Amino acid sequence: MAVPCSSNSGQPQFISSTGNRNFSNAPLIDSTNTDQIVVPDRTSWKNLFAYMGPGFLVSIAYIDPGNFETDLQSGAQYKYELLWIILVASCAALVIQSMAANLGVVTGKHLAEHCRAEYSRVSNFILWVIAEIAIVACDIPEVIGTAFALNMLFNVPVWIGVLLTGLSTLMLLALQQYGVRKLEFLIAFLVFTIAACFWAELGYAKPDAKEVVKGLFVPQLKGSGATGLAISLLGAMVMPHNLFLHSALVLSRKIPRSVRGIKEACRFYMIESAFALMVAFLINVSVISVSGAVCNSPNINEEDQMSCQDLDLNKASFLLRNVLGKWSSKLFGVALLASGQSSTITGTYAGQYVMQGFLDLRLTPWIRNMLTRCLAIVPSLIVAVIGGSAGAGKLIIIASMILSFELPFALVPLLKFTSSKTKMGVHVNSIMISAITWIIGSLIMVINIYYLMNGFIKLLIHSDIEIVAKVFLGILGFSGMAVYLAGIAYLVLRKNKEGTHLLALTAPESQQMTNEQVNGSIYSLQREDIVNMQLPQRSSPADLD
């Protein structure tokens with residue numbers, strides 16, 4: 001579903017500050033960077049190519065090793081019955097990601113910066129901690145997935161692979177010096193590499209096309225196990241850090257600052273996101289279909305059937321090799337390596353934007369990258385050394401569920417901000433879009449809360465601990481749930497206070513500028529701080545403001 005920026009007039013509504021340096025917190029600032037991506041001031045479908053890029057960086061989160069883990073398990077245990085979850089989650093993701101892009105395009109500030117301006121220091125700090133936990137939870141599957149891939153392809157021990165992951169990610173991030181465009185092309189290349197590998201796997205596995213289509217369009221959930229996997233799939237598909245990431249990445253373009261320019265940017269970003277997410281959707285469908293076909297094959301032996309009962313990324317390699325052949329296993333390893341490496345790059349970016357947005361803290365790029373990597377590598381290394389491949393596989397599922405539970409703390413602010421006329425002006429969400437997104441968000445939150453309470457109660461009932469310990473854990477657990485619900489309620493019920501940081505065209509001098517710029521030739525300058533995170537300046541420090 002498209003979420004275009006709506007408008008009731010053809011006149012410019014927002015402009016950048018074109019000379020008033022005293023305007024506090026003005027988000028659109030001059031940049032002397034000669035490598036900026038400038039959108040031509042013309043009405044043409046060719047402008048779409050200038051907007052291509054951010055959607056592919058965002059789509060990586062939908063095809064990371066955490067997704068592959070849950071995809072493999074859902075296919076192995078329920079064949080094609082949970083494919084509809086992928087379809088629903090992908091449609092919801094397109095709506096939500098388009099809203100995140102619109103927020104950045106219209107206001108010139110990304111989601112984390114809006115949170116810092118809107119909430120109190122305590123609330124802002126808590127949201128920052130939650131966002132950082134979400135980024136670490138997202139990075140863990142990526143680090144472990146890359147380590148598994150290195151083990152599959154080169155027989156590198158998992159724990160050594162975890163260490164190598166950090167170094168290889170920093171090497172890939174060094175490609176930033178060649179320009180943001182080339183980095184975006186690299187990510188797009190990795191996405192299509194993953195797609196080619198799994199589409200080739202489909203040729204090996206040959207799933208039943210009719211059953212696949214039925215699984216896509218006939219919803220069904222058989223048992224609590226299917227519900228748990230459905231929530232894991234949802235948590236792995238719609239990630240909180242992606243909302244911060246997308247709203248920041250769109251600021252890397254210099255767009256015409258007019259109603260036409262803003263509407264075009266929103267529309268083309270939505271089209272670009274739809275294309276990238278469609279590729280990610282097809283990859284996820286392919287993974288589930290391959291897993292379902294292999295684990296339900298009549299030629300599978302008893303040992304491989306046991307592997308299907310508790311399938312993880314590492315076991316999948318041996319399973320594919322035994323059932324489909326050696327090349328199938330190698331293709332899976334290549335896809336997993338591409339997924340892990342590209343995901344760690346985008347995860348690092350998300351961490352940079354979150355730190356800069358919530359705390360207004362700017363560190364040198366390599367220090368930011370190292371901090372983000374270490375937070376994910378340390379727990380992954382500990383689990384890999386102590387628990388081995390099995391423990392690392394279970395950690396991926398736990399991380400996916402953590403992401404699902406943390407989603408409301410990024411989603412609710414996004415829904416509130418994009419539904420606020422004081423922030424979005426005439427580009428505010430329509431009533432229909434607001435209703436749909438709030439329904440989607442509410443369903444996600446209700447499902448998460450139900451699953452959390454249900455699982456916690458079952459854990460208490462079936463555990464062998466003493467009754468006193470059960471009572472203590474029950475009080476502690478339900479108190480935590482109460483705090484969780486109170487936090488969500490606070491975000492939902494609190495009224496927005498801060499308006500947009502762009503200059504609304506209300507003053508007489510602004511109206512005069514409007515008349516002079518009817519065709520939308522006013523540009524919004526790139527965010528220099530955002531561009532610096534992706535593309536280091538080649539100009540001297542003296543050239544910068």
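Note: Cβ is positioned from N, Cα and C throughout, glycine not excepted.
In TrEMBL, annotation is done automatically, which means it is predicted and not curated.
As written in TrEMBL, here are the features:
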TRANSMEM  48-63  transmembrane segment
TRANSMEM  83-105  transmembrane segment
TRANSMEM  125-150  transmembrane segment
TRANSMEM  156-173  transmembrane segment
TRANSMEM  185-205  transmembrane segment
TRANSMEM  225-245  transmembrane segment
TRANSMEM  266-288  transmembrane segment
TRANSMEM  331-350  transmembrane segment
TRANSMEM  370-389  transmembrane segment
TRANSMEM  395-415  transmembrane segment
TRANSMEM  427-451  transmembrane segment
TRANSMEM  471-493  transmembrane segment
Q: Output the single range from 83-105, 185-205, 225-245, 427-451, 471-493 maximising the number of Cβ pairs under 8 Å to the transmembrane segment (395-415).
A: 225-245
Q: Residue list, the transmembrane segment (266-288) vs rest of chain: Cβ under 8 Å, 6 or more residues beyond ends.
A: 2-5, 47-48, 51-56, 58-59, 62-63, 67-68, 71-72, 74-75, 80, 82-83, 86-87, 90, 93-94, 97-98, 101-102, 105-106, 191-192, 194-195, 198-199, 201-202, 212, 216, 237, 246, 250, 427
Q: Report, as numbers and ranges, which residues of the same chain sit near the transmembrane segment (185-205): CB under 8 Å and 6 or more residues beyond its ends.
A: 53, 56-57, 59-60, 63, 172, 175, 276, 279-280, 282-283, 286-287, 289-290, 293-294, 320, 324-325, 327-328, 331-332, 334-335, 338-339, 341-342, 345-346
Q.
I'd like to know if the transmembrane segment (83-105) touches the transmembrane segment (427-451) in this structure, counting it as a touch only when three or more C-beta pairs sit under 8 Å and are separated by 6 or more positions.
A. yes
Q) Against which stretches of its own chain does the transmembrane segment (83-105) lie, if we need a Cβ under 8 Å and a gap of at least six residues from its ends? A) 1-5, 54-55, 58, 62, 71, 74, 111, 114, 212, 215-220, 230, 233-234, 237-238, 242-244, 246-251, 255, 262, 265-266, 269-270, 273-274, 277-278, 280-281, 284-285, 288-289, 411, 414-415, 417-418, 423-424, 427, 429, 433, 436-437, 440
